[in-house]
Amino acid sequence: MVSHKEFVGAGKQPGLQVWRIENLDLKPIPKALHGSFYTGDAYLLLFTTSAPSYNIHMWIGDVCSQDESGAAAIFSTQLDDFLGGGPVQYRELQNCESNTFVGYFKSGIKYQKGGVASGFKQVVTNDMNVKRLLHIKGRRAIRATEVDMSWSSFNKGDCFIVDLGKDIYLWCGSECNRFEKLKAAEVGINIRDNERNGRAKVHMVEEGEEPAAITEALGPKPTIASSTVDDDKVDISNKNKGALYMVSNISDASGSLKVSVVAQRSPFKQAMLSPEECYILDIGVDKNIFVWKGPKANATERKAAMSTGQMFIKDKGYSEKTQIQVLPAGGETTMFKQFFCDWKDKDETTGPSKAYTIGRIAKVEQVPFDASTLHSNKSMAAQHGMVDDGKGQVKIWRVEGGEKVPVDPSSYGHFYGGDCYLILYSYSLGGRERHIIYTWQGLKCTQDELAASAFITVKLDDSMGGSPVQVRVTQGQEPPHLMSLFQGKPMIIHSGGTTRKGGQSETAKIRLFHIRQSSSCATRAVEVEVSASNLNTNDVFVLKSSKDLFVWRGVGAGDEEMQAANHVGLFLGGNSIQVSEGKEPGDFWSVLGGKKDYQTSKTLQNVVKPPRLFGCSNKTGRLIVEEVPGDFTQSDLATDDVMLLDTWDQIYLWVGNEANAEERTGAPKIAKEYVDSDPSGRSGLPITTIKQEAEPPTFTGWFQAWDFKMWESDPFDRMRDRF
């Protein structure tokens, strides 16, 4: 078996690894620069989960050479071999990437001009001499494409980033909406934090209010063109039916492919897949095909799976931008399994099929994940995925009066919503000491402390020679590595309050903590509003009253979450009473203020299909459905759209307060078509329409630590605060 030296460390830790093809060889890309791609190059990406299981992505730029794309294909096959043939392989083409791929970069993908062949080296950090213009597109999947540094590149309907190194200007056209501005701002903040290590300033500029620095860089401003319709956007609801083919012969000599029809139309039966064969599931009209490798198929066919897919696309006359997924038996993705009406997974505790359940509140296939940590900020999670086991050195300071004040080590792991903290983590890698500075910002801290925390972080970074990786963490968005730093104890997040002397307000007499384990086995306890509606059948809750301490275990909760609950209980103190769901004493409900409906869906406990979130928008001039890539959080609910949440046995239509009349009236029709044309044969599902700020627990239960007060303040103001 051929093995590249870069494969030695491949897949050893959960998270994302990226290599660029340079002179037909693999060169690793630093974690802080993941998400930037040269359009003239090819890249290889490996995403590893803690199971472990793997996704391999081969990314091809629009102007990549044949030699480099060929080398990427070879390395993809070799890496698949090295990892035992178990990974799912994806072919990704610029601007047509899979949702899985886009989901790794929640702060956006950046396309840059040039490549290795034209002498462009990979982006470097702290380059203050940059001068470039990025065109931001997308409401769900954000893409930032480098365009000519000229006013002729602009239009009124989009956002652009004028990147001048020390200053990053976010220019917003007069016809773009607030949600697009929010998403574009994430790109600007990502450039500041990762490419400039926090040393640049981000500025918001409205059309017509351009500062001198922009006109100096671009020249006098002419009349800006009106917005353009995005012709590449497609309706990606489930309307397309698939066809299933068996691969009967591959002729390398003639370059031809012979296939035989198994079924002309979905839904299919799982028994149609013979372990001795390879199959193609064809939804090419939707620019997507799957190649399934039978575990007993001959080795030649299995290794040729990706090229088989490419031959099929060519023979069918499909677009060159058609996505290909190569799937091993046991590693089928949700997108593949939805075309089968009777799909059943093996009853495994570990195995490759677990890779594709990441990122949903549902404990899909009974693997506990935490969507609001590892997956609500997937870009951060990928860039700073589990670099080690969290057993390095930890120092924590609280921001106080514009300075950093050491936190007593006995309080490590406790974070209060009224504070900001700096966490310095030091560890050894390759014989060298490395550092990460986490800046944790509470949701109830003052604006002065918020600004001071950013300044102090840069100051600490400078004192260490600029070597640390900086990670800004907003309360509720903690990455798994940060959660793992507290010696096996849970990270405990208090909704408000402070640890500073003399600043503590009296704690509430009754408190409720929601406990959930992430995919990295780190656990977090989040203080939530005291209400029975916040309970969730899949998790553990600690309820503290003046007299008793109840530890409530949902039927879908794990032992690790119970252990974390014991740590929380020891901190809170009181007479501990263990309560099983369904056997609650009267005192328990009395302390909670009475029984209320909460998330008890059996689907959450043992489901093959994770939930999916779509936006229904007519912002481009026609009503389309677009899936939220990666792992959704409450902040993905666009208040100017109607959102469709598919939880497999229920469809929810969430109506944002700012959604227009066409979206409100057209969305129910789309929901019905979505169900009626579902490839797995589902029909007659209940469709529930709910309004923003009137969400029932059956909806909010799919989002961890749902914040009922999120929309009381302007999300745009919160984003500006991060500048």
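A Cβ is built for glycine as well, from the same backbone N, Cα and C atoms used for every other residue.
What TrEMBL says about this one:
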- 26-101: domain 'Gelsolin-like' (DOMAIN)
- 142-214: domain 'Gelsolin-like' (DOMAIN)
- 261-336: domain 'Gelsolin-like' (DOMAIN)
- 403-483: domain 'Gelsolin-like' (DOMAIN)
- 524-566: domain 'Gelsolin-like' (DOMAIN)
- 625-699: domain 'Gelsolin-like' (DOMAIN)
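By number of Cβ pairs under 8 Å, the domain 'Gelsolin-like' (261-336) is matched best by 26-101 from the list 26-101, 142-214, 403-483, 524-566, 625-699. 142-214 is the stretch from 26-101, 142-214, 524-566, 625-699 with the greatest number of Cβ pairs below 8 Å to the domain 'Gelsolin-like' (403-483).
For the domain 'Gelsolin-like' (403-483), the model's average pLDDT works out to 85. Within the domain 'Gelsolin-like' (403-483), the DSSP-based counts of helix, strand and coil residues read 24 helix, 33 strand, 24 coil.
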